[in-house]
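Engineer: Below you'll find the structure I mean.
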Amino acid sequence: MDRASARRLDGISDSRWAERIDALRITEIFCSLQGEANDAGRVCTFVRLTGCPLRCHYCDTAYAFQGGEWQKIDAIIEQIKAFGAHHVCVTGGEPLAQPNAVPLIARLCDAGYAVSVETAGALDIRPVDTRASRVVDIKTPASGEATRNRWDNIEVLTGHDQLKFVICSRADYEWARARLGEIDVPAGCTVWFSPSAGEITARGLADWIVADRLPVKFQMQLHKLLWGDAPGY
């Protein structure tokens, strides 16, 4: 990310200062069950970074757009150690909007953690350590941010990575289905379709996937089934 983009990051006034002192702006660090993707159901420590350049209309973590507190990478890792979970998810907001997310992820991989990175797909994922599983959103038209998709990210995905579509309508589903026919998803890379809560039913999306024999995995957000929308889960 260039300097101008960094300065536009919500809630972060001086990214250059943060880079110098190896700091990140953190909204919360907590331990819970992973609710999505390949590690759903596993105990996991979440590191939620502050700030996001996107404004998807269905966003359920808008509280992470601003605020948070600066923490050095060493301090973040100490908190992760204290929770004692093997799996770590670096999320946001948009974690890659903060340049120091990249060295944090690398250090966690070096320390032997199983790391996943949840990104909105609007920023370059190439700097992210490939030992981490990069869970990349593809924004649909109904999200309001489909023009921000970086399709070149698809070219660098590995079988260790994952793609996620949040589906808001039948039109979104048809759009996503068409995109799947146009992109080259590497072997082993899981593609997830999730229903946008309150917009389509989970059963409706499941029925469409089955009817079309679509080569994707259906998912619901496990943490919301258990704890609702409360932060910290």
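Cβ coordinates are placed from backbone N, Cα and C, and glycine is handled just like the others.
Note that TrEMBL annotation is computational and uncurated.
So TrEMBL says this about it:
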type: BINDING; residues: Leu33, Gln34, Gly35, Arg48, Thr91; note: substrate binding site
type: BINDING; residues: Cys52, Cys56, Cys59; note: [4Fe-4S] cluster binding site
type: BINDING; residues: Tyr58, Cys59, Asp60, Gly93; note: S-adenosyl-L-methionine binding site
type: BINDING; residues: Thr61; note: Mg(2+) binding site
type: DOMAIN; residues: 39-229; note: domain 'Radical SAM core'
Engineer: What does the structure give for the C-alpha distance between Tyr58 (S-adenosyl-L-methionine binding site) and Cys52 ([4Fe-4S] cluster binding site)? Integer Å is fine.
Structural biologist: 14
Engineer: Measuring Cα to Cα, how many Å separate Thr61 (Mg(2+) binding site) from Gly93 (S-adenosyl-L-methionine binding site)?
Structural biologist: 7
Engineer: Of Leu33, Arg48, Cys52, which binding-site residues are close to Gly93 (S-adenosyl-L-methionine binding site), meaning a Cα within 10 Å of its Cα?
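Structural biologist: Hits: Arg48, Cys52.
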Engineer: Rank the binding-site residues Tyr58, Thr91 by how many other Cβ atoms lie within 10 Å of each Cβ and give me the one with the fewest.
Structural biologist: Tyr58
Engineer: Could you give the Cα-Cα distance between Leu33 (substrate binding site) and Cys56 ([4Fe-4S] cluster binding site), in whole Å?
Structural biologist: 24
Engineer: Would you kindly give the Cα-Cα distance separating Cys59 ([4Fe-4S] cluster binding site) and Thr91 (substrate binding site), rounded to the nearest Å?
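Structural biologist: If we compare the Cα positions of Thr91 (substrate binding site) and Cys59 ([4Fe-4S] cluster binding site), the gap is 13 Å.
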Engineer: Fill in the CA-CA distance, Gly35 (substrate binding site) to Asp60 (S-adenosyl-L-methionine binding site), as an integer in Å.
Structural biologist: 13
